[in-house]
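So that you can see what the record holds, here are the features copied from TrEMBL:
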| type | residues | note |
| --- | --- | --- |
| ACT_SITE | Asp47 | active site, proton acceptor |
| ACT_SITE | His75 | active site, proton donor |
| ACT_SITE | Lys178 | active site |
| BINDING | 46-52, 74-76, Arg341, 367-369, 449-452 | GTP binding site |
| BINDING | Asp47, Gly74 | Mg(2+) binding site |
| BINDING | Asp47, Val335, Thr336, Thr337, Gly338, Arg339, Lys340, Arg341 | substrate binding site |
| BINDING | Asp47, Glu48, Gly49, Lys50, Asn72, Ala73, Gly74, His75, Thr167, Arg181, Asn260, Thr275, Arg339 | IMP binding site |
Amino acid sequence: RNLLGNQPLHHDDGTISCYTNPGAGVKRPRNDTGNKLTVVLGAQWGDEGKGKVVDLLATESDIICRCQGGNNAGHTVVVDGKEYDFHLLPSGIINSKALSVIGNGVVIHLPGLFEEAEKNEKKGLKDWEKRLIISDRAHIVFDFHQAVDGLQEVQRQAQEGKNIGTTKKGIGPTYSSKASRTGLRICDLLADFKDFSMRFKNLAQQYQAMFPTLEVDVDGQLKKLKEYAERIRPMVRDGIYFMYDAINGPPKKILVEGANAALLDIDFGTYPFVTSSNCTVGGVCTGLGIPPLNIGDVYGVVKAYTTRVGIGAFPTEQLNEVGELLQTRGHEVGVTTGRKRRCGWLDLVILRYANMINGFTAFALTKLDILDVMDEIKVGVSYKLNGKKIPYFPANMDVLQKVEVEYEKLPGWKSDTSACRKWEDLPVKAQNYIRFVEIHVGVPIKWVGVGKARESMIQMF
């Protein structure tokens, strides 16, 4: 039989033919129409300045989406001298002409969402509820998820002498509930509240059985959740149909704002010191319910040096005056946790690895101005293990701790770049640094950031 299950016919001349439905088995061209999504992703350990790149692109976007993570992300955007902090809201919410989407892959802490909106309203954010769309398939972060997050960290510290360094925002426990099929989604909250209440109680009891010290005010929580349900009801949509219409309707610019970064990805990051979602390009498809075909440009955001919050291997870390200088000059303190970030030289092994996974169209290189005072700048170009170069990024943390980084030294430019607005304005040695990164990673650099404001992103092409 042929692939369609049709009976083959044997002819006298030895040839064989098949009856098929007319047109069946003919390869149809893939439907290459529809709007493409532009994606912005972190290429290191987060805190690369994704908010700024998103903000730059959001000004001309019609729809801005979040596809994974929760309020463990922290994006700071400066507009007209005002600093807005976003954790769960897409940072494009500032754009009054655009719609903002929280996709099914995002986990939502409702009190956190409203608290964040209120804080930003005080700074001038208006009518955000009219511009926000929430997928009905997104999972809900409950207060007890956050409490459990803290308890698990205490447990890890006691058992292993180290924790993961989570933001204690309940993200991991919520994704655990999702994977163990005990989680509750926005659609459940908006359906039969009696049924929701029962499932909520069961979930709370499960956690209380595991953590005897956990206290949950079930009735108090449910009362609040019922209020939140009515507040978000007008914003909730079927995310799949919404995205399908957005892609296949009239021309639109659609932007996806990644949270966290490649080396915090649950599959590809420095496990177990990672987040609990896919923050690489695959998370865009699963977190919004869209085909890979509709992904257009994928921009990687890279800081001109490397930082990491919390613990875990960090090959180019500088536990010396260089690290301290980067930390103080770069104001390297976490937006979400307020923790000091660990600092080190730029690591190209990481960038090549992130590019293998994400297939970046181009990079945005941020915070170049922080390097303005350096006499000499080092760049990690390869790893050695037991004296031998290794052609990959090690999966195992103990192995990664042991690698020896091979550095290339570049001369510093020793001048202030913060007023530069185009490529020609940059000192030659700064231009050389940028070109060095492009050549060694094989990804062009489209933007260079030299300061906090919108204007301080130099566009290269």
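For all residues, glycine too, the Cβ spot is worked out from N, Cα and C.
Everything TrEMBL records as a feature, shown here on the structure.
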residue	record	Cβ within 10 Å
Asp47	active site, proton acceptor	28
Gly49	GTP binding site	23
Lys52	GTP binding site	26
Asn72	IMP binding site	27
Thr76	GTP binding site	16
Asn260	IMP binding site	28
Thr337	substrate binding site	17
Gly338	substrate binding site	8
Arg339	substrate binding site	13
Val450	GTP binding site	26
Go through His75, Lys178, Lys340, Arg341, our recorded positions, and report the one whose Cβ sees the most other Cβ atoms within 10 Å.
-> His75
May I ask which of the recorded positions Asp47, Lys52, His75, Asn260 is closest to Arg341 (substrate binding site) if we compare their C-alpha atoms?
-> Asp47
Gly46 (GTP binding site) has how many other Cβ neighbours within 10 Å of its own Cβ?
-> 31
For IMP, whose listed binding residues are Asp47, Glu48, Gly49, Lys50, Asn72, Ala73, Gly74, His75, Thr167, Arg181, Asn260, Thr275, Arg339, the greatest C-alpha pairwise distance in Å | 34
So of all those recorded positions, Thr167, Lys178, Asn260, Val450, which one's Cα sits nearest to Thr337 (substrate binding site)?
-> Thr167
For Thr167 (IMP binding site), just count the other CB atoms lying within 10 A of its CB, please.
-> 23
Between His75 (active site, proton donor) and Gly49 (GTP binding site), what C-alpha distance do you get in Å?
-> 8
Comparing the Cα of Thr167 (IMP binding site) with the Cα atoms of the recorded positions Asp47, Gly49, Thr76, Gly338, Leu368, the shortest distance belongs to Gly338
State the count of C-beta atoms found within 10 angstroms of the C-beta of Gly74 (Mg(2+) binding site), not counting that atom itself.
-> 19
